[in-house]
Every structure is written in C-alpha cells, then in structure tokens.
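Copied from TrEMBL, the annotated features are:
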type	residues	note
DOMAIN	12-196	domain 'Thiamine phosphate synthase/TenI'
BINDING	Q42, Y43, R44, D45, K46, N77, S116, K146	4-amino-2-methyl-5-(diphosphooxymethyl)pyrimidine binding site
BINDING	D78, D97	Mg(2+) binding site
Amino acid sequence: MPVKTRKAIAGLYAITDPHWMPEAVFLDKAEAALRGGARILQYRDKGDPWQEHARRRRQAGALRELCTQYSALFVVNDDPDLVRAVQAPALHVGAEDAPLAELRQAFGRDLCIGVSCYASLDKAREAVKAGADYVAFGAFFASPSKPQAPRVDLQVLRKARAELNIPLVAIGGITEDNGGALIAAGADALAVISGVFASEQVEAAARRFAVLFDHPRNIPKE
C-alpha cells in the first residue's frame, strides 16, 4: 500500500457505534470526533448488511466524505462489499474473517487492510506475512462495548513493537488515563468507541485522546 497511507495509522482511531450514535446525531458526533483530532474513523455497524443496506451505504458514504474533508483515514469494519460501494480506502477485519490473501487478490495493494489479532503474536506474524498494513491488539481493559472480552497484557504490545515493523493499534476500554501506558508500550494508534462517542462532549473527549500522543500520561517506569 502507499507509504503515506500506512503512516496514517497513528493517533486517535475513533470507531462508530450505533448504540452511542443514533441516526439523528450520527454524522454530528462523527464530525465532532474529527474536529477533536481523530486521525482515523472506522465505520462499525453489526446490523444486518442486507436489511440495513441503504442506511449503511448512506452512512458510510457520508463518513468517507467527512474523512476526506478532515484529512483523516476512513475505515470500514468487516464488509468488503461496502468498501467497494463507497470506495473506502481501508478495511478492518478479524483474524477469523475473510482470508487476507483473498482480500489482496480482490482489492490489490492500494487498499489499507488492518487485522485484529487480540492477544496473539502468532496471528500478528501471520497477518504481516499475508500483507496486513496494521495489526490491532486488545482488549487491554474492560469496556462497555465488549465487557466479556479477554484481557491482553501490555507485554504483548511491547513484544509486538520490538518485532513487527508495521503500525500497531490498541483497543479495549481505553481512557485518557490509561492510554499513555499503551502509547509507551508501542501503540501507534488508540482505538476508542465509548470513550469518545458516549461523551456528551464528543469533540472535547476526542481532543483529550489526541493530545496523549503529544504528551502521554500515566506512562509506567521500566
């Protein structure tokens, strides 16, 4: 993929959630996150892709335009058909979803593809070999979005940083108070859902995460 797109995997990685973003305020909240400094915006909607096709395409298309306006990277979660429909520049998939080799064959090298690896360095190594542009680890902390997700130790992130030469994304219960430790351990980007979109002040919440990359807090001493 283009080097400049891979370099775009850095900073606040905001992920939409219909629970916190009903349609009436969906775009307003998304734009507020971008104004606050989100550098990546992922469209994540687990509704039925067939029954909700028109809404999903409408929302994704609008987000793509917003991201272009704010010079942010737009990512679609786990929906290659939607990527095609709105010409999204990036796709995020789980380690058990469509094989990366098939996605590369279908989309070529221009599409940015990220892969969730949870707590597994082996999955991350496999993803890198298959052509992933970034890998994500988590959940590092409990979160409202996935309260039962297994916890991942910071050491996984440190080992990945020492070994892998691609961007690393951390996800799971991230707050402005614990995000600095993840950055210090090697995260290039912090993926956040409720920490941004559950706030009544989305722009301010996004800004608090964005500034962590300039002034990380809560960094543990070695």
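Glycine residues also receive a Cβ, built from the backbone N, Cα and C atoms like all the rest.
The structure, with features from TrEMBL marked on it.
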{"residue": "Q42", "record": "4-amino-2-methyl-5-(diphosphooxymethyl)pyrimidine binding site", "Cβ contacts under 8 Å, 6 or more apart": "Y13, A14, I15, T16, F74, V75, V76, N77, H92, A191"}
{"residue": "Y43", "record": "4-amino-2-methyl-5-(diphosphooxymethyl)pyrimidine binding site", "Cβ contacts under 8 Å, 6 or more apart": "T16, Q59, A60, L63, F74, V75, V76, N77, L82, A88"}
{"residue": "R44", "record": "4-amino-2-methyl-5-(diphosphooxymethyl)pyrimidine binding site", "Cβ contacts under 8 Å, 6 or more apart": "I15, T16, D17, N77, D78, I193"}
{"residue": "D45", "record": "4-amino-2-methyl-5-(diphosphooxymethyl)pyrimidine binding site", "Cβ contacts under 8 Å, 6 or more apart": "T16, P18, E52, R56, Q59, N77"}
{"residue": "K46", "record": "4-amino-2-methyl-5-(diphosphooxymethyl)pyrimidine binding site", "Cβ contacts under 8 Å, 6 or more apart": "none"}
{"residue": "D97", "record": "Mg(2+) binding site", "Cβ contacts under 8 Å, 6 or more apart": "D78"}
{"residue": "S116", "record": "4-amino-2-methyl-5-(diphosphooxymethyl)pyrimidine binding site", "Cβ contacts under 8 Å, 6 or more apart": "H92, V93, G94, A95, V135, A136, G138, I171"}
Seminar exercise, completed: Across all protein chains shown, the binding-site residues N77, D78 give the max Cβ-within-10 Å count at N77
Seminar exercise, completed: Mapped onto three states, the DSSP assignment of N77 (4-amino-2-methyl-5-(diphosphooxymethyl)pyrimidine binding site) reads strand
